[in-house]
Amino acid sequence: MQEIVIPLKEKSYKVFLGELPEIELKQKALIISDSIVAGLHLSYLLKRLKALEVRVCVIESGEKYKNFHSLERILNNAFEMQLNRHSLMIALGGGVISDMVGFASSIYFRGIDFINIPTTLLAQVDASVGGKTGINTPYGKNLIGSFHQPKAVYIDLAFLKTLEKREFQAGVAEIIKMAVCFDKNLVERLEMKDLKDCLEEVIFQSVNIKAQVVMQDEKEQNIRAGLNYGHTFGHAIEKETDYERFLHGEAIAIGMRMANDLALSLGMLTLKEYERIENLLEKFDLIFHYKIIDIQKFYERLFLDKKSENKTIKFILPKGIGAFEVASHIPKETILKVLEKWH
């Protein structure tokens, strides 16, 4: 069992990488999972969990269910089983479940503990660590949420055996995101090696990158912004396609390519660096056909991104390999020229 400690000002916790251990709790626990994950992994968790009382809440699977209705169901279950300030919630699932449970636990009784048990690659390397929580609204993705760190995170690679290839590749997109912005050595490892031969090491390295970033910038005031590479465009893509055509990681892969187009046009990437990232995405089948329906509407959606300030869009753009820059005040014409390539 490998451990990564994340020491923060208000709350420190550990990320455990290895077989899920027995979890003994002296309080009530509400497990929240989705309809697919519950059928695959709930019994595995229940065999390893001992608590004063356990209840299970199952939410429909999919990004479009990351909404107020699902949040209300989670909270109603918490009230019905009379969770108190010493009780906790357990998120068993991917990024959607992690985000919703984190948010629900942050507002229930003004904040109770929760444990993350991520079952997708995307959630293991990104969503389950760092304390960003939230739900989607008709206006955009993750526009309502909070920073609420988990009590602990348990990453068990056995969960990944049931993942469809598409879900797995979506998680790889988030690994590439972190590598391009923070760690050129990880980029080289992904380029040179078969991921099957070094998966545990890559997951550990990715979580460690995320942990180091969160330790330096828990509330996303500066360096943590790099974790949003591809997300300004990606969230607009998800909204335009009603969260149904692409998985989150797939939309982010497209968003990274759009960001690369913008970075290339601004001279932040050389053509060689641009092609290197393209080739890495292609290696993991993360090149998708996407056509913007209405360029002006898509452009306007970019302003709904949480990073936008004073009617200015902020983009996280790669600056070479292993670094990034927050770029703002980019002329509208420059952005539209990039979007035209995708129209």
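All residue numbers here begin at 1 and follow the chain in the order shown.
Even glycines carry a Cβ here, placed using N, Cα and C.
What Swiss-Prot says about this one:
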type	residues	note
BINDING	61-66, 95-99, 119-120, Lys132, Lys141, 159-162	NAD(+) binding site
BINDING	Glu174, His231, His248	Zn(2+) binding site
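Known features from Swiss-Prot, placed on the structure.
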residue: Ser61; record: NAD(+) binding site; Cβ contacts under 8 Å, 6 or more apart: Asp34, Ser35, Ile36, Val37, Val96
residue: Lys64; record: NAD(+) binding site; Cβ contacts under 8 Å, 6 or more apart: Asn136, Asp242, Tyr243, Glu244
residue: Gly95; record: NAD(+) binding site; Cβ contacts under 8 Å, 6 or more apart: Pro118, Thr120, Leu122, Ala123, Asp126, Ala127, Ser128, His248
residue: Ser98; record: NAD(+) binding site; Cβ contacts under 8 Å, 6 or more apart: Ala91, Asn116, Pro118, Ala123, Ala127, Ser128, Thr133
residue: Phe159; record: NAD(+) binding site; Cβ contacts under 8 Å, 6 or more apart: His41, Pro118, Thr119, Thr120, Gln124
residue: Thr162; record: NAD(+) binding site; Cβ contacts under 8 Å, 6 or more apart: Leu40, His41, Thr119
residue: Glu174; record: Zn(2+) binding site; Cβ contacts under 8 Å, 6 or more apart: Leu121, Leu122, Val125, Asp126, Ser206, Gly249, Ile252
residue: His231; record: Zn(2+) binding site; Cβ contacts under 8 Å, 6 or more apart: Ile252, Gly255, Asp305, Ile316
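The binding-site residues examined here are Thr120, His248; by Cβ neighbour count within 10 Å, the least packed of them is His248. Cβ proximity to the Zn(2+) site centre (mean Cβ of Glu174, His231, His248, cutoff 8 Å) flags the following additional same-chain residues: Gly95, Leu122, Asp126, Ala173, Lys177, Gly230, Gly234, Gly249, Ala251, Ile252, Gly255. For the recorded site, Ser61 (NAD(+) binding site), the DSSP three-state label reads coil. DSSP classifies Thr120 (NAD(+) binding site) as coil under the three-state reduction.
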